[in-house]
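Asker: Here's the feature list from Swiss-Prot:
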type    : residues                     : note
BINDING : 101, 134, 152, 154, 180, 184 : phosphocholine binding site
REGION  : 50-59                        : region 'Plays an important role in the hemolytic activity'
REGION  : 58-77                        : region 'N-terminal region'
REGION  : 152-167                      : region 'Trp-rich region, which is important for the binding to lipid membrane'
SIGNAL  : 1-21                         : signal peptide
SITE    : 160                          : site 'Important in the initial contact with the lipid membrane'
C-alpha cells in the first residue's frame, strides 16, 4: 500500500504542471491555431501581407508599406509603388493597365472590395534605357462606371516631374493611349509632394492622395464618399 501511495504522489507531481502548461501553448484565432510561448512578449511577429499585386485592409495603407514594396523591386532607377484605398462603397473589378513606358512584374489585383486597398508596382523597362514608369490602370466599379488612375515617373527630371491623376469615366472603358493622354495633358494632372483633395464628379465620390517626387516614387490614393 505504501508503495502505491508513493507512486500516485510521483504521478500527480509530474502530470499536473504539464497539464497546466499545455493550456498556454495553443491559442485559437478564428479558425486557425497559432503555437505561442507562455510569455506573450516572445511571440513571433506576424509577416505582412502587403506585397505588390495583393489586396490589404484599407486602414493598413500607408507610405511605409509602399516603401517596403519598392525595396522588394530592387535597384531600378525609375519605379513606383501604388496603393489605392477603396472606401467608395462599391466593388471594383480590374480591367487592364496601359503603359506609355515601362512595365510591371505583378498582376493588377482582380477584385477590390469596399474597405480594401490594392497594391501595385511599375518600373522602367529593364536594361540601359532612358525611359520612365508611366501609364494608367483601370477598374470597373459596381456602379457600372470606370475608375482610372494615371501615374508618371519620368526618366528626365530636367524636363519633367512626377504627376498623377484620377478620373471616373461613364460606363466600362479600358485603359489605352487616349485615356493616358487625356489624364496627363487635359484633365488637370496633380503634382507631387502635397496632399490633394478633389471631387470626382460621379458616383458621389472624391479623392485624397499624395505622391512623392523622387525616382523611387510612392503614390497613395483614397477614394471616398463625398
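Heads up, residue numbers simply count up from 1 along the chain you see.
Note: Cβ is positioned from N, Cα and C throughout, glycine not excepted.
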Asker: Can you give me the same-chain residues 6 or more apart in sequence from residue 160 (site 'Important in the initial contact with the lipid membrane') with a CB-CB distance under 8 Å?
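Answerer: Once residues fewer than 6 apart are set aside, residue 160 (site 'Important in the initial contact with the lipid membrane') is near 132, 152, 154.
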Asker: Could you pull the average pLDDT for the region 'N-terminal region' (58-77)?
Answerer: 90
Asker: Which residue counts does DSSP yield for the region 'N-terminal region' (58-77) in the helix, strand and coil classes, in that order?
Answerer: 14 helix, 0 strand, 6 coil
Asker: With the phosphocholine site defined by 101, 134, 152, 154, 180, 184, which remaining residues of that chain have Cβ atoms positioned within 8 Å of the Cβ centroid?
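Answerer: So the additional residues around the site are 100, 132, 135, 150, 151, 153, 163.
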Asker: Just name the most isolated of the binding-site residues 180, 184, going by other Cβ atoms within 10 Å of its Cβ.
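Answerer: Candidates: the binding-site residues 180, 184. Fewest Cβ atoms within 10 Å: 184.
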Asker: Count the Cβ atoms, other than its own, that fall within 10 Å of the Cβ of residue 101 (phosphocholine binding site), considering every protein chain shown.
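Answerer: So the Cβ neighbour count for residue 101 (phosphocholine binding site) comes to 19.
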